[in-house]
Each structure stands twice: as C-alpha cells, then as structure tokens.
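The ATP binding site feature in Swiss-Prot is assigned to 8, 9, 10, 11, 12, 13; the stated evidence is sequence analysis.
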C-alpha cells in the first residue's frame, strides 16, 4: 500500500499543497488555495486533507520566509504559527517547515533532463557544490552540497546582498534608487518589483517621468518592442541576473551547476536566450576562465517547491535520494 506525506509550497498569495509518495518521491493531487481565504496555514491543510479524504502522518511545507526556530511569521502574509503546536494539532508524527529556496535546492537531484534548459558552460561536475537562485516577488538564493550520501541545503538570504553595479549605466541606476529607498539590495533590481525599479530609474536618468507600469506591462512592451525604456530594463535585468549568478558561482565554486528558478524568466525565454546573460555571467575579469565551464540551467518543472519539499522530507526519514 502506498504511503503518502503532505507537501506544500506557500507564498505571500497562495498555498499549494500536494501528496508525496514516500517511496518514490512522486508528487500528486496538487491543489492551490488562496491564502486570503483562510485564517491560518493549519486551516488550509485541514481543508486539503478533508477534500482528498487522506490520512498522513508526515509533512513538509516550504514557506517564503526565513525559518530560524519554532515560531514562523510569514514575511508577506499575516499567518504566524508554532511548528510544534501545528504538528500536535494535526496529529503528525513528523512536520518540517523549510525555506522555499531550501525546497527548490532539494528538488535539483530529483529533476530530469526535460525539466532543465541549459545556458552555456560544460557538463556539471559530480559531487561539486550547486547554487540556485530565482526572481519572483523577491530574490531567493540557496546552495546545495553532497556529503556522506546526503544532500545538504545551505539556506540564506543572499537576495539581500548589496547590488553591485559594474557599468556606468548600472552605477547611475544605483544612485537613483539609493536616493529613493536607501540601501539597494540585489532583490531591488532582480524581482518583479525590481524590474519596475530598473524601468523607472532608466527613465528618470533621462530626466523624464516614468509611467506607472507593472512588471507584466514592462515585459509585454519589451517583447513587443513597443517601448525602448521597457526593452532596456528587461535587457539590463538579464545582464544583472548573469552577474549575480556568476557571483554565486565564484563564492562557492559551484561546478555542480547554477540553477535558475522562479516565475519571471520563463515568461520571456527567447528574449533571455538572446540577451547578455551568459556574457555577464562570465564577465569576471581575471577569473573569466574559472566560471567559463560552469553550466547554468533554467528549471522548467511545474512544481519544484513541492518536489523539493518531498525530497527533503524523504531524506529526513532515511531515504537516499
């Protein structure tokens, strides 16, 4: 008889829940709930389990916020809870709450070739560190290493490192944004809101007044080639994504590959392919050759957060991935 665990991927807007086959890691019965419709994460979980008429004893939920102890307070939502209390209330034997990019990193060993699109570099080196990052509402970052037959995710808040300009134009953008918001992190330019910041700074640098555009508007106008400023913003976004990925590669020697997740890049895949992304990734001066062969992959799996939550839980329960 198949034994299932509950897995989840929870963001500021939606909570996506599914079942994970503990033996194989296969994800099934995924369903998305609006976080605004429920008073707590526990309430959503109860609804899901009732709807699917299933009993589970183990669970792993990935959440888009730092996880530093028993008390979890979501960054972009009002939900807050004690992990131990929720585990007790649900009657679970085991409940893991992990960072969303910890989950994405743990999905990488489970991905198949059809889930990946490669952007330059050679083959990944087995056993070497891996980096994963992705732009969405924010900028998530994690690393993954293989130690004693176990995958170990190294979570952090790498999206909040300083934005480091490397051209005159990027320097001007930094100054404009710094005057507006103070500290300018990488997330302030590599995210949905970050794309808007780039567009606004490009227009303001030319002493013009920017329109009140959303990320979707900027992307659509850039792809339609109907707005020079939007196209420049999207081009610069791709270049800065490359610089940032190259920095991750240098920091931990990620010869196991650099992986891009998040919902933004797949929306303009052909544009991204033709952009200055890879050139910027390798633009490391004296260390250009060091990063030259490091492969970059775009993750195109539908639910890497769910897949990785399942992988994390299965490994915790003693399975070898």
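Backbone N, Cα and C atoms are what each Cβ position is placed from, and that goes for glycine too.
Locations of recorded Swiss-Prot features on the structure.
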| residue | record | Cβ neighbours (10 Å) |
| --- | --- | --- |
| 8 | ATP binding site | 24 |
| 9 | ATP binding site | 25 |
| 10 | ATP binding site | 26 |
| 11 | ATP binding site | 22 |
| 12 | ATP binding site | 16 |
| 13 | ATP binding site | 13 |
Shell list (ATP; ref centroid = CB of 8, 9, 10, 11, 12, 13; cutoff 8 A): 14, 15, 16, 35, 63, 64, 77, 100
